[in-house]
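Visitor: I have a structure I would like to understand better, so I am pasting it below and will then ask my questions one at a time.
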Protein chains: 2
Amino acid sequence: MLKLTMLGSGGSIPLPDRYLSSGLIEYKGRKILVDAGEGTQVSMRSINSGFKDLDVICITHLHGDHVIGLQGMLGTTSNSGRTKPITIIGPTGLKDVLAGFRLISPYLNYEVNVIEDPTEPVVINNDDIHGDLIIETLPVEHTRPCLGYRFNISRQPKFDVEKAKANHVPQAAWKSLQQGQEVMLDGVTYTKDMVLGEERKGLSISYITDTLPIDTIPNFVQDSDLFVCCANYGDSADKKKADKNKHMTFHDAATLAKEGNVHRLLLTHFSQAMRHPEEYVENAREVFPHTWINQDHLQVELNFDQEPVLDLSLVKEPYLCNQEG
Amino acid sequence: MLKLTMLGSGGSIPLPDRYLSSGLIEYKGRKILVDAGEGTQVSMRSINSGFKDLDVICITHLHGDHVIGLQGMLGTTSNSGRTKPITIIGPTGLKDVLAGFRLISPYLNYEVNVIEDPTEPVVINNDDIHGDLIIETLPVEHTRPCLGYRFNISRQPKFDVEKAKANHVPQAAWKSLQQGQEVMLDGVTYTKDMVLGEERKGLSISYITDTLPIDTIPNFVQDSDLFVCCANYGDSADKKKADKNKHMTFHDAATLAKEGNVHRLLLTHFSQAMRHPEEYVENAREVFPHTWINQDHLQVELNFDQEPVLDLSLVKEPYLCNQEG
């Protein structure tokens, strides 16, 4: 299972009743954080999520509401007893910002690997993860260099007994081949494609914030199980303001979701002036019906071959609006 | 009136139910902030305190729980419409840390004046403040260079009519002399000491965190109306831990208050492990009876010739313990 917990839903400024937009992805006991504004570690603590298993932090861009919380997050994670390295991915400039942060937190119990502006997918695969998690990035269009992210979980094909027998693969080799290893027995080499069935669809979460609704996004988010997208303004009358600030309206984000043929859209990163984003949900649903409105601590569970499931049990004040989009 | 609002009470890590220790001093419409950990701006917003009048920020030291919130604070203050300069005081190294922060917030609507490790008192006196506010600093003993602060409000002596008459000061000069100006009339120079009475006691708040209870502190805080002091550990059995981390127990802080002959002691900067600091209040009061225990948004009002007044009206969950110390 792949789980996303939204640690916050706001843009620009942390508010007493709304944390800054940030997403925590959990997969097989490991954690990946997308963005860390001021207070993200507090939100994480408030849902009793530990810090020790935080493997990867993806920073979309170097505006304060997405990165100021990173330094406290690194310190708290160090205090949590983590000793394994942490990978931090982000746009060019991240290393300089981190160097500044490290003046305050010079001593961490683990190594920090920084990947600026990756040109190839980042594969997260260690001893504890059976099944790769692949992180792809897309440069998007904001007032500072900004990256969109896509997280893909591959799925192991089924073992095909008939195929194995047809290929005369000895039973002694089956287990290793199923695990993806090549096997040599009595001078004959056996490969996994001799025993495994067809490729199966994995799971994917796309996460885009903050940007104009540029035309490379639909292809990047194509067929995602969940598309988390910034949508500062619910009212389409704010389109000019959105364009000026290089942000999006609900209508913009829904249009990208439709063009990208995603399964579910989760809107987030709401303007501080928009106290009740749920009031504007129809502006998105008239374009893309399967739209959810984010709220701090909303969770989505993703399972193979199933529709994404919304979980509001951790949300303090559930929405009045119908979330059955 | 001089007012102190404690924006938080915790040490080390911001918690969902406890902001990091920070003090907001207000005097004649101007604001002075002492320390800005992660979330301090959120706490300030939660009591509806504006940011535009933030004139001075005093940083005790460059540990994350005292300085990480500074960058968000500066950004939010810029968005508040402030254009007047801000003065930031702190230990050596502050300029480098600020340079790192400015990578994230390069554009502010005002000038930032940084005073590292001041060797003389800083006088805050502009057109809007009639009556100087003088900030004194004391190097204290922590794991990083750290400054204690003392805020002094001077008080204008009373106008002494009998003295003015005895000195043959013409009535036309009285008003200017009362305002501290020198006056020349008919070739004679008149000075304020010819019309003003004796010096009167002003108001002072001393603010010390984080440090060992070193022997220069009592003299520095001498006769303060209010002494805000860090006290990580309520239980005196934690004295060794306090020494190791260069912090204090309640007993340590109370001893400094007694030796410094202050009027009121306010303990703050509580260890995250100490959920109910009020339970240990007697460990301080047996040494210094006039001890209060901090809680987020506790306020103290200071008026000339009056005892400091505790105000808990903004505190969400008032203490169970008797605060009549």
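Cβ atoms are placed via backbone N, Cα and C, with glycine included.
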Visitor: Can you tell which of B:Asp17, B:Asp193, B:Asp210 TrEMBL lists as binding Zn(2+) 1 with B:His61, B:His63, B:His142?
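Guide: So, going by the record in TrEMBL, that would be B:Asp210.
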Visitor: Considering the Zn(2+) 2 binding residues B:Asp65, B:His66, B:Asp210 given in TrEMBL, which of B:His263, B:His269, B:His276 is annotated for that site as well?
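Guide: So the Zn(2+) 2 site in TrEMBL includes B:Asp65, B:His66, B:Asp210 plus, from the candidates B:His263, B:His269, B:His276, B:His269.
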Visitor: Taking Cβ distances under 8 Å as the criterion, give the subset of the binding-site residues B:His61, B:His63, B:His66, B:His142, B:Asp210 near chain A, ordered by sequence.
Guide: B:His63
Visitor: With DSSP assignments reduced to helix, strand and coil, which class does B:His66 (Zn(2+) 2 binding site) get?
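Guide: It is helical.
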Visitor: Which residues of the same chain, at least 6 positions away in sequence, have a Cβ lying under 8 Å from the Cβ of B:His142 (Zn(2+) 1 binding site)?
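Guide: Those within reach of B:His142 (Zn(2+) 1 binding site), by Cβ under 8 Å and sequence separation of 6 or more, are B:His61, B:Asp210, B:Thr211, B:Leu212, B:Lys246.
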Visitor: Cβ within 8 Å of the Zn(2+) 2 site centroid (B:Asp65, B:His66, B:Asp210, B:His269 excluded): which residues?
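Guide: What remains near the Cβ centre is B:Gly11, B:Ser12, B:Leu20, B:Ser21, B:Asp35, B:Gly37, B:Thr60, B:His61, B:His63, B:Thr209, B:Cys230.
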Visitor: Starting from the Zn(2+) 1 site formed by B:His61, B:His63, B:His142, B:Asp210, give every other residue of that chain whose CB sits within 8 Å of the mean position of their CB atoms, in sequence order.
Guide: B:Thr60, B:Leu62, B:His66, B:Thr143, B:Arg144, B:Cys146, B:Thr209, B:Thr211, B:Lys246
